[in-house]
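Annotated features, as they stand in TrEMBL:
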type	residues	note
DOMAIN	657-791	domain 'U3 small nucleolar RNA-associated protein 13 C-terminal'
REPEAT	102-135	repeat 'WD'
REPEAT	144-187	repeat 'WD'
REPEAT	188-228	repeat 'WD'
REPEAT	374-408	repeat 'WD'
REPEAT	419-461	repeat 'WD'
REPEAT	478-510	repeat 'WD'
REPEAT	520-561	repeat 'WD'
REPEAT	562-603	repeat 'WD'
REPEAT	604-636	repeat 'WD'
Amino acid sequence: PPAGARLSFPSSYAVSRKMEPFYKGGRVQINRDGKFMFCPCGTKLNVIDVETGALHSLRQDDEEDISSFVLSPDDEILVTGSRALLLKQWKWRENKCVRTWKAVHIAPVASMAFDSTSTLLATGGCDSTIKIWDMIKQYCTHNLKGSSGVVHLVEFHPDISRLQLFSSSIDYKIRIWDLNSSKCVALLDGHFSAVTSLAFADGNTLISSGRDKICMVWDLKTRESKRTVPVYESVEAAVLLPEKGDFSQLGVKKQGLHFVTAGSKGILKVWEVATAACVYTQPVPFESKEEASERSLTQCMLVPERNEIVTVSVEHNIVLYDAQTLQLRKQLAGYNDEVLDVKFLGPGDSHIVVATNSPQLKVFELATSHCQILYGHTETVLALDVFRKGLMFVSCAKDKSLRVWRMNKDGRVICVAQGLGHAHGVGAVSCSRLKESFIVTSSQDCTIKIWNIPESLASKAKAALISSPESLHAKVTERGHDKDINSVTVSPNDKLIATGSQDRLAKLWSCSDCSLLGVFTGHKRGIWCVQFSPVDQVLATSSADGTLKLWGLQDFSCLKTFEGHDASVLKIIFVSRGAQLLSSGSDGLLKLWTIKTNECVKTLDGHEDKIWGLHSNKQDDMVVTASSDSCITLWKDVTETEEKEAQAKQEEQILKEQELSNLLHEKRYLKALGLAISLDRPHTVLMVVKAILKETDGRKHLEENIVRLRKDQKEAVLTFLVTWNTNSRNCHEAQAVIETLLKHEAPDSLLQYSGIKAAVESLLPYTERHFQRLSRLLQASMFIDFMWQNMRLADAAQQEDVTS
C-alpha cells in the first residue's frame with residue numbers, strides 16, 4: 001500500500017450528514033435578512049440556513065401537525081398553531097418554546113399575520129372567526145365574526161395608525177375590519193374564486209390575486225376596484241416590485257407600479273398596473289405540458305435585503321432568483337419521494353445525483369445543498385451509473401429509454417444523448433470502466449443491450465457544442481434471462497459483463513459480442529445486485545434469500561457465502577480497495593463484511609425502509625445510501641477516530657486504576673471508594689470494602705467511610721451490594737455495608753433512595769438464605785464440637801487404662 005495508507009480495514013462508518021425531506025407543503029417564510037427559511041414539515045417546523053442548507057427543527061411535543069405559523073417582521077417572535085388548537089411562541093434561534101396558550105378557535109388556525117410593529121398577531125381560523133392577540137400583554141383583544149368558512153388570508157394594513165385588518169375566506173370577498181369598533185367596515189367584491197394574496201402598494205392602493213386567473217387593483221379610499229388585470233392562469237401570489245431599483249431587464253421601462261405574479265403555469269411574469277399589460281415573461285424550456293403543471297408555483301416572496309425573489313413550487317422545490325434579472329441563484333429540494341438510486345458525481349465527488357421515484361433527476365451540490373433538477377425522462381427514473389472521471393453519467397427509466405448527461409466546469413448538467421430501443425422499462429445500467437466508451441443496459445424485456453458512445457460525446461470540446469441530445473443505437477442485443485434482469489455491471493478491464501436476474505441466476509458475458517461465458521447457480525431466490533471485485537477475478541452477488549456470495553470467474557464456483565441479513569440484500573459494493581463488502585437490505589440495515597474472515601464487522605441502522613441506493617466515493621472513505629424512506633445519508637469512515645477514542649478511554653482507565661491501587665496502598669480508603677464508585681465498577685468497590693475489613697478495627701473503619709459518602713454514592717453502593725449479596729463469598733461485605741446504612745440512616749431517608757424498593761426485594765430472599773446457611777453451619781459446628789469432646793473423653797479414658 002502507498003505510504004501513509006491504513007493497513008487496518010474500516011470497522012465502522014458514522015452518519016456525517018442526512019438529507020431528509022424538510023418541506024412537505026404549506027406556506028414558507030424567510031426572515032428579514034434572507035439568511036433563514038422556515039418550512040413546515042408535518043409535526044415540526046424546519047429552520048433552514050439558506051447558505052448551506054443545514055437545518056434545525058422546532059418540534060412540538062403534542063405530535064400534532066402544524067397548521068400554520070408566522071414570524072414577526074422584527075424576526076423576534078415565531079408563533080406556530082397546531083391541530084391540537086394550541087398556539088406556541090418560540091425563541092427560534094435556541095429551539096425553545098417559551099409560551100403555549102389555547103387558540104380559543106374551535107377548529108385549527110389556517111392563517112396568521114403580524115402587524116408592522118410586531119405587537120399584534122391575527123389568527124384566521126377554520127371556524128370562520130378571526131382573533132387578535134396582544135403579544136406583549138399576552139391576551140386576546142378582538143374576536144371578529146362574520147366571515148364564511150375557512151379564513152385563509154389575514155393581513156394588517158401597513159399603516160398601523162389606521163388599525164385595519166384585511167381578510168378573505170371561502171366567499172371570495174375581501175373584508176376590511178376596523179379594530180377600533182371590531183366591525184367589518186367594507187367588502188371588496190370582485191373575485192370569483194379564492195383570493196390568494198394581498199399586497200399594499202401605498203396607503204391607498206391594494207393588489208389582490210386570485211385563482212380566478214385575475215389580479216385586481218383596489219382604491220382603498222373609495223373601496224372600489226380601479227383595474228382588473230387578466231393573467232390567464234390561476235394566480236397564487238402577486239408581489240410588488242420596489243419603486244427604487246433598476247428592473248429594466250424585467251421589462252420595467254416607465255415609472256409606476258409593477259408587480260410579479262406566480263401561479264399554475266410555473267413561470268414568473270411582470271405586469272404594469274397602469275396598462276394591465278404583461279411586460280416580461282420568464283423563459284423556461286418546458287419539455288411538455290405535464291411538466292408545466294408539475295412546476296406550478298404555490299408561493300412567491302421578495303427578500304429586499306438580499307435583492308431576491310423566492311418561489312415555491314407544487315413539487316416542493318424552493319428557488320431563489322436575483323430580483324433584477326431573474327437569474328437563478330439557488331434551488332433547494334424540499335421533498336424527495338422514495339429514492340431509488342444515488343451516485344457520487346463530479347471529479348472530486350462534490351455532488352450526488354439522485355433518482356427519486358419521478359421522471360426528473362436531482363443533482364445536489366453537497367457543500368451548499370443547491371439542487372439542479374434535470375428534465376428529460378417522461379417516466380420514473382429507475383437506475384443511474386457514473387463514468388470513472390465523474391463528469392458523465394447515465395440514467396435509465398420506465399419510459400424505455402436511457403439518457404447520457406454531462407456536467408460542465410461550472411457544475412451545470414445537460415443531456416447529451418438519448419438511447420431508445422428497449423421494449424419495456426430499463427431497470428439497470430452500467431458504464432464502461434476504463435474509458436467513456438460504452439454503456440450496458442438491461443430491461444424487463446429480459447434483454448441486455450450494449451450501446452457505443454460516439455467520440456463526439458466523450459471529448460469535452462465537442463460535447464460543449466451539442467444543442468440537442470444525440471441519438472444512440474444499441475450495437476448488440478441479447479436475450480439474457482427468463483425473468484426481469486435486476487442488475488448489470490461491467491468488469492474493471494471492460495472485457496466482461498455480469499447480469500443478475502429474478503430467475504435466481506447470475507451470468508457472465510463477453511463485452512465484445514455479448515456471448516455467454518458462464519452461469520453462477522446457487523442462490524435460492526432472485527438476485528438483486530452483481531458487482532465485480534476491483535482487485536480479484538471475483539464476482540459478488542446479493543439476493544432476496546438474504547445472502548451474499550462470492551464467485552470465481554475461472555470456474556464459476558461459489559467461493560464464499562455471507563449470511564447475516566434477515567431480509568433481501570438489495571445492493572452491494574466493494575470497499576477498502578476490494579478487501580471488504582458493504583451490503584444494504586430491504587429492512588434499512590447496512591452490513592460491513594471483511595472478505596478474508598467471512599465476518600460481519602459492523603451493522604449500521606441508517607434507514608427506516610428499503611435501501612435502494614449504495615455508492616462509495618473515489619477516495620473510498622465516504623459512502624452514500626438512499627432509501628424508500630425519502631432520506632439520503634452520507635457516511636464517513638470513522639475507524640481511525642473511533643480507535644483513537646477507544647485508546648484514550650483505555651489510557652484514562654489505566655491511569656485511574658493506577659491511582660486506585662496507590663490509594664489502597666496508602667490506605668486512603670474514602671478516596672478509593674469515591675474513585676471506584678465513579679468508575680462504576682462494583683467489583684473494584686467490593687475489593688476496597690474487603691481491604692478495609694482486613695484492617696484491625698476494620699468494621700469501625702468501614703462504618704466511618706460509608707457514613708462519609710454522598711447520598712448519590714450511597715445509592716450506587718446500594719445497587720452494587722445487591723449484586724454482592726447474591727454470592728455467598730461476598731455476602732459478609734454486603735451485610736456489613738447494609739448494617740452501616742441501617743444503623744446510620746433513618747428509615748425515611750432510606751426510602752428516598754432511588755431503587756430502594758427493588759434493592760430491598762432482592763436483598764430479602766438472599767439474606768434469608770445466607771441466614772439459613774449460617775444456622776446450618778452453626779448446627780454442624782456444634783455437632784463437630786460435641787463429637788470432638790466425646791472423642792477426647794474416650795481418648796482420655798483409654799490413656800488412663802494404659803497408664804494404670
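Note that Cβ sites are derived from N, Cα and C of the backbone, with glycine treated the same way.
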Taking residues 6+ outside the repeat 'WD' (604-636), which of them lie with a CB under 8 Å of any CB in it? 13-21, 335-344, 349, 352, 354-355, 366, 390, 570-573, 575-577, 582-592
Contact set, same chain, for the repeat 'WD' (419-461): CB under 8 Å, 6 or more residues outside the stretch: 379, 382-389, 391-404, 406, 470-494, 497, 499, 501, 509, 511, 514
Beyond the flanks of the repeat 'WD' (188-228) by at least 6 residues, Cβ under 8 Å: 152-153, 155, 157-159, 162, 166, 168, 170, 172-176, 234-240, 257, 259, 261, 263, 271, 273, 276
Three-state composition of the repeat 'WD' (419-461), taking helix and strand from DSSP: 6 helix, 20 strand, 17 coil
Same chain only, please: residues at least 6 beyond the ends of the repeat 'WD' (374-408) with a C-beta under 8 Å from a C-beta of the stretch. Say none if there are none. 286-288, 290-291, 340-349, 351, 353, 355-363, 414-434, 436, 439, 441, 443, 451, 453, 457-458, 460, 463-464, 469, 472, 618
What DSSP reports for the repeat 'WD' (188-228) is 0 helix, 26 strand, 15 coil
For the repeat 'WD' (520-561), what's the model's average pLDDT? 93
